[in-house]
Amino acid sequence: MVEAQKWTRRMSNPRLDTAATADDHVLDIPTNPTAEVRNGIYTFGSHLTPNLLTALIIASWFMSNTGVLLLNKYLLSFYGYRYPIFLTMLHMLSCASYSYIAINFLEIVPKQHILSKKQFFKIFALCAIFCFSVVCGNTSLRYIPVSFNQAIGATTPFFTAIFALIITCKKESVKVYFALLPVVFGIVLATNSEPLFNLFGFLVCIGSTAGRALKSVVQGILLTNEAEKLHSMNLLLYIAPMAALILLPFSLYNEGNVARVTLEKAKTDSFIILLLIGNATVAYLVNLTNFLVTMHTSALTLQVLGNAKAALAAFVSVMVFRNPVTMTGVTGFAVTIMGIVLYSEAKKRSKITTY
């Protein structure tokens, strides 16, 4: 569910790398896990061959990332559970609980601590932006199909490049900016031909995408001190409970006493409890599998898988929910994904040239 910063070498700042294709529910993953981390998850699947273990982890990553989108869509649009803020809060509570167990008892990664009030407020600022992004993303699923949601979400690098230029004055090469044109053109094409287009759903999804990009840039500015950098799983441990506290008053004000409504509904339909617990658990698994995929492959692999996930989630959602699509919309989505691939390649070549 939530995003965290990358561990990187000194004198570099890839947290401003706009090639990242983060999901609403996922954290930035450290590019090179430390020896401590690599020596801590070693017994997990040790009886399996490395290739089979990696394949299983990637399959789990696809299932959790696609699953959380489909479950959110089903709950918010089809099941009638129209409380996106409360649902997001449940995700945060789930992430906080599972992270505490994973770090303190299973010791999946070494535990890190917040060292100062200054660091705390920096993390809190990131948490506020994150809450905005995730709530907007979940809210959009009430009004627009998953396929359209994923097409819009694929434009994250465009917004990241814009925010990086405005806030940090970080300029990319002409080729990098040129590679963003298909991204914008593709989403315009998909928007104009979306049969179930909803203006409010479109706007909040844009807000979610922009918020995710803004968090990436702000994170690169605030957490630059080596002593303040937190591993993604540790950052999730601290951000998740903060996010739940931020969302609680907004949920009470906008959605009423959802807990009471949920318990009342559970008396006649106990399936809602299983559905919410399963949904919240899968939301945590998104973050865990992101970490495992990066540990067993690389951050670049995760970016490539992110593009494939968007296409897979869109395809599966059309099959499951039977929302209508047009050839023009499919073409627009394909052009957007192609633009992301070109953009990633241009960024990689730009870095090689710089070095």
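Quick reminder: no glycine exception, Cβ is built from N, Cα and C everywhere.
Record features (TrEMBL):
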DOMAIN    55-344  domain 'Sugar phosphate transporter'
TRANSMEM  52-71  transmembrane segment
TRANSMEM  83-108  transmembrane segment
TRANSMEM  120-141  transmembrane segment
TRANSMEM  147-167  transmembrane segment
TRANSMEM  174-190  transmembrane segment
TRANSMEM  235-252  transmembrane segment
TRANSMEM  272-293  transmembrane segment
TRANSMEM  327-344  transmembrane segment
Beyond the flanks of the transmembrane segment (174-190) by at least 6 residues, Cβ under 8 Å: 148, 151-152, 154-155, 157-158, 161, 328-329, 331-340, 342-343, 345-347, 349-350
For the domain 'Sugar phosphate transporter' (55-344), the mean pLDDT of the predicted model: 91
